[in-house]
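What follows is a set of notes on a single structure, which appears directly below.
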Amino acid sequence: APLKLLSDSKYVINGLTRSLRGWEAKGWIGVANSVAIKDAVARLRARSAVTTLQWVKGHSGSVGNDAADALAKTGAAASPESAASLPDAPTEYLMEGAQLSFLTQKLAYQGIRLAAKATARPATTAILARVQATLLHEMGSHPTAPRLWKSIRRQDVARKQRDFLWKALHRAQRVGPYWNHIPGYEQRSRCTHCGEEESMEHILVDCTVSPVTTVWELVTRALKCKSDWVPTLSLGIVLGATSFTFSGRTKRPTPGLDRLFAIMVTESAYLVWKLRCERVIDFGEDRERWHSAAEIENRWFAAMNRRLTLDRSLTSTRFGKKAKDRGLILSTWSGILRDEESLPEDWINTPAVLVGKHFLGSRVGGVG
């Protein structure tokens with residue numbers, strides 16, 4: 001019998017029609033969700049009757065499409081074991097490999113990388129699961145592991161912060177338990193402030209040393225200028241900040257707030273790490289040289305203002321299509337600026353726009 005498929009995903013519609021020939025020709029290399037699309041292609045090709053596809057606007061009152069969205073959401077939240085299994089797709093209707101006429105050196109290299117699947121490290125798997133569980137608890141949903149890795153590479157995250165997050169998710173930094181198995185260096189596994197094992201979680205969120213308490217208090221106070229609710233800044237939230245969204249709580253898109261959260265949390269985590277390295281490596285046991293709350297506060301504001309200045313410059317028309325959207329930059333930083341009530345509605349080209357200190361109240365943190 002004829003079959004008509006309605007979908008609000010142009011990616012799916014195009015993937016099953018106009019993009020299909022090209023994707024098959026390059027052996028599906030680099031195609032997102034290729035396994036699911038190949039499965040659908042094989043099943044549709046096995047049909048003898050006519051199949052038509054139609055795009056419909058999402059959330060436009062289409063009963064079937066809205067019901068499909070609800071089922072997809074339920075399925076995404078379910079465990080893989082609970083999913084009903086379908087008979088295997090007829091693979092004889094699929095082309096295997098890439099056509100030589102389409103193959104380039106870049107495409108071949110991508111294919112080799114995909115074929116040589118890396119073995120998952122237990123430490124990485126454990127920390128990813130923890131981040132996903134934390135995001136699920138705070139947001140009501142969690143990103144897949146590939147989506148989490150991809151979010152770290154988003155343009156809003158600076159390269160140094162990106163590298164730091166990547167290493168933290170792999171537990172690649174030489175801290176804590178790393179030193180327990182090196183004779184003569186066991187003492188490096190303990191925190192010089194409180195004597196606890198200096199894991200990355202302890203360094204970033206658990207230690208009571210001034211950089212940790214001061215920085216996260218600043219982040220929380222700043223975010224509360226834009227949102228009534230701010231998640232507890234645990235290790236899972238810090239490492240998953242690039243995937244975090246407030247839209248689940250607000251029931252509406254929050255691109256500016258989400259972007260500020262990603263920028264502020266990643267910059268702050270990297271600052272805490274830098275201050276820890278200075279304290280442990282440069283200052284050692286000389287507590288008189290340890291960072292004061294005032295110094296930490298100044299360095300945090302300097303980091304935020306550097307990002308604000310960078311964002312403002314990236315809206316310049318000289319970048320052409322690559323320029324940042326002015327509306328997104330305005331929605332990112334509005335609410336935490338100094339003397340904001342005296343600024344014009346579009347303050348991007350206004351001189352001396354800085355992150356304000358109005359949300360500080362009494363000075364946060366302490367010394368040591």
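The backbone N, Cα and C atoms fix where each Cβ goes, glycine too.
Residues or ranges marked as domain 'RNase H type-1' in TrEMBL: 1-77.
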Overall pLDDT of the domain 'RNase H type-1' (1-77), taken as the mean: 89
DSSP-derived helix, strand and coil totals, residue by residue, for the domain 'RNase H type-1' (1-77): 39 helix, 10 strand, 28 coil
